[in-house]
Amino acid sequence: MAMTAAAVPSSGSFQKQDEEWRAVLSPEQFRVLRLKGTDKRGKGEFTKKFEEGTYSCAGCGTALYKSTTKFDSGCGWPAFFDAIPGAIKQTPEAGGRRMEITCAVCDGHLGHVFKGEGYSTPTDQRHCVNSVSLKFASADSSK
């Protein structure tokens, strides 16, 4: 069930035990979303996808990013310059170079935010997101 930006549930409202997650996620999705793993660089399904639509959490369906905020950073993972308001949580990592990003609803690991890298985007941020953490709904599919 995909959720729209207006239907972002409150934080932490979608908690499951590991065995419940394993029953609904692929082994790779579980490794990345629940164990904070990382996709292989350049191999993700959404790295080079620029179709109009919405990217949602593969764990709980919460809408996370609009395609209008996606850009080609050349990093090998899907890159966005901003998230749908309230959809993600950012947690500083040791050293302060990057922030871990997780789904605000199910706490699934999405990737990291890097700031100040000089991209010509409105926020000068790169949300580097694992493809396996995402599901995509084309804007055409809602017509």
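Every residue gets a Cβ built from N, Cα and C, even glycine.
As a summary of secondary structure, the domain 'MsrB' (18-139) carries 22 helix, 41 strand, 59 coil according to DSSP. Taken from Swiss-Prot, the feature domain 'MsrB' covers 18-139.
Cβ-based neighbour count (10 Å, all protein chains) for Cys103 (Zn(2+) binding site) stands at 25. What Swiss-Prot records for Cys57, Cys60, Cys103, Cys106 is Zn(2+) binding site.
The annotation disulfide bond is assigned in Swiss-Prot to Cys75-Cys128 on the grounds of similarity to another entry.
Annotation for Cys128 (disulfide bond): same-chain Cβ neighbours under 8 Å, separated by at least 6 residues, are Ser73, Cys75, Trp77, Pro78, Ala79, Gly111, His112, Val113, Phe114. The active site, nucleophile annotation in Swiss-Prot covers Cys128 and is backed by sequence analysis.
Put plainly, the recorded positions Cys57, Cys60, Cys75, Cys106 were compared by Cβ crowding within 10 Å, and the winner is Cys57.
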